[in-house]
């Protein structure tokens, strides 16, 4: 990864801190993974703070596959089965069946409806019957241990929410270029500057968590 493109956003520690501050304020952040992995950048929001306007931006500017990152505990609480029994995807992305709020939505496609579905899924005391399946929101199961276990956007999302002191659930979607191709780091930086959002890479988060663990130990 050409780290020089990230230099305007600070050093790795500063990039993580800026992302945490943005999430606490209800704003979005951009997370890029390793070049030898997906080599993509995701727009990420806190599930509890995301607004319909932000959802509309995500639908408009990104791939349209809006994913809700959930912990294994929440997946069990909602009794969400995995999308397939045997996952053969290259990066072992943990898709469950898709969901829709059982109440308070129309077709489930609009930005407001997707926010309603997300709020329903992360509500305290939520149960399986609060959701219909299938739907227009794609839950993702994060691996326990976060990015120190799997260096994926799903785990990065959960780790960021925990570090920010928020509910450990987030919403992500892959950023695309205007021509429909996937945005790489230069395009992610351009998007960040356009929308005044911080950028960090998963490597930054791994270093931050590792350093914190050393300090705590």
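Quick reminder: no glycine exception, Cβ is built from N, Cα and C everywhere.
For residue 153 (D-ribulose 5-phosphate binding site), other Cβ atoms within 10 Å of its Cβ number 28. Look at residue 153 (D-ribulose 5-phosphate binding site): DSSP puts it in a helix. The D-ribulose 5-phosphate binding site annotation in Swiss-Prot covers 37, 38, 42, 150, 151, 152, 153, 154, 174.
According to Swiss-Prot, the feature Mg(2+) 2 binding site maps to 38, 153, an assignment based on sequence analysis.
The Mg(2+) 1 binding site feature in Swiss-Prot is assigned to 38; the stated evidence is sequence analysis.
The annotation site 'Essential for catalytic activity' is assigned in Swiss-Prot to 136 (among others). For residue 136 (site 'Essential for catalytic activity'), the same-chain residues lying six or more positions away in sequence with a CB closer than 8 A to its CB are 66, 98, 100, 108, 109, 113, 114, 117. A strand conformation is recorded for residue 136 (site 'Essential for catalytic activity') in the three-state DSSP classification.
Residue environment of residue 174 (D-ribulose 5-phosphate binding site) contains 17 other Cβ atoms, counted within 10 Å of its Cβ in all protein chains. Taken from Swiss-Prot, the feature site 'Essential for catalytic activity' covers 174 (among others), and the record attributes it to sequence analysis.
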